[in-house]
């Protein structure tokens, strides 16, 4: 919209529905709200941020263990197959949505308001994940500080937290071999340090009786949230089971469905080559996971040799690998505090990149919904979000906090995440239309996606994810932590946690339908159409059919929407449809 040149100029009359605050005179007319949203300061910022977001803690403690327990090298076959069918196509789809619209996970559903609940589900999932993910970063900070000593505190038994079962697991050697040890009835110092000192899990009777808050963990969690807040302060400027395991690893590692990729892409310039970036990030992430597997299992193999036990008695999944096995391995090296500090500093940097993306996703999504009120106060709003999530995470700092962390980890982003991704894929391809989406990408990148992407978006990706969703439900297994089995009410709570994100989708549909007028079918049709202001955020990037949808335009399409809401002649509807069809056909002919 052009700025006023003087008070004597006559301004065209704009329908109230299409007026912005700049039209109404509520704010300074010189403010460019699209530009005020912010952008990456360099071409590599987006690429490096995506790599940092995708290459996280999962590459260190999820991928190696899943590969080991699911056939070792054979696991790479379904892993790369799932990467090709689901990972790469959905990664590109999410980046394309964000970059084309310059909107976050909520506002991007101007593409089809009927499915805005999928954006709300994304925020719910990423919010729950961010709460427990920062607790893991707090554990890393705890160990980082504990490494600043001449002797690692988990190196020997004899401390107040150790029991008579504690045994320093160093296998006695005879010649070139190690005598096998029976470790089943003993516990390593690193394991007791983790469970009895760091977690103090003996002070809890279970998930229903979490015990007292561990103030050292509480302070570490506070420090973790302060670091995250400082990071986002200035925004972006600063066999059956093996198939399901491979799919989960792709989702967790690439971050598809969490909204982080969409958020990062929304800060790109309109013509950023995200096609190239997609392959760089996804393939680079896979290679990083494999290299991490080599590094981790070389350490586990060394420990197996030292202790004289099979590797499967040494390997653990998740936090057990990072906070028990690896700390124990550090004690077997010279200058162990130095290597321990470096290891946990590496985990800190890996975790912070992902956590930054989680918080930026939430902040961007909400500020894009209320840009004229929240963007000027983004720093304050970000601080409030961090404080609220810190308070919600205090339950994780109690003696039984690990039980709650396991529950959140198992259910917050499980089947609900797959439902969100399936819904997003179907909404874009079936409702908005694959041809139209490809035409948008052509406008943005200068070429259309090939047959590979279209086939995956239309059929292969959603069909595969649907099959995996059904399989995961049929093969459902209750959560557990060591020998502890969660009570039925906790399992039900976890299932409801996952269902809540799924229920956001029909709830959003209901709200969208109620906002329209006419019969149910007419309401569904109107709610599924793109909003009148859907398209590139900047005027210079609006070409073709998007020229007629600029705010204040007197073209048939915005007038038709205005009249349908406020009464009057609705014959413009057929005209608008014909105009859009003619423009689309002309564009398709020119692209051939």
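Every residue gets a Cβ built from N, Cα and C, even glycine.
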I'm validating the feature mapping. Which of 279-302, 303-326, 519-542, 543-566 is tagged transmembrane segment in TrEMBL? 279-302
With a cut-off of 8 Å between Cβ atoms, can you find at least three pairs linking the transmembrane segment (118-145) to the transmembrane segment (411-432)? Only pairs 6 or more residues apart in sequence count. yes
Positions whose Cβ lies under 8 angstroms from the transmembrane segment (452-474), at least six residues beyond its ends: 82, 85-86, 88-90, 92-93, 240, 243-244, 247, 414-415, 418-419, 421-422, 425-426, 428-429, 434, 437-438
Do any residues, 6 or more residues outside the transmembrane segment (494-514), come within under 8 Å Cβ-to-Cβ of it, and if so which ones? 113-121, 124-125, 128, 407-408, 410-412, 414-417, 419-420, 423, 479, 486, 520, 523-524, 527
For the transmembrane segment (213-233), what are the same-chain contacts with Cβ under 8 Å, counting residues 6+ beyond its ends? 134-135, 137-139, 141-142, 145, 198-200, 352, 355-356, 359-360, 363, 379, 382-383, 386-387, 389-390, 393-394, 396-399, 401
Could you tell me what the rest of the chain brings near the transmembrane segment (76-97), counting residues at least six beyond its ends with Cβ under 8 Å? 67, 108, 111, 242-243, 246-247, 249-250, 254, 256-257, 261-262, 264-265, 274-275, 277-279, 281-282, 286, 290, 421, 424-425, 428, 437, 440-441, 444, 449, 452-453, 456-457, 460-461, 464-465
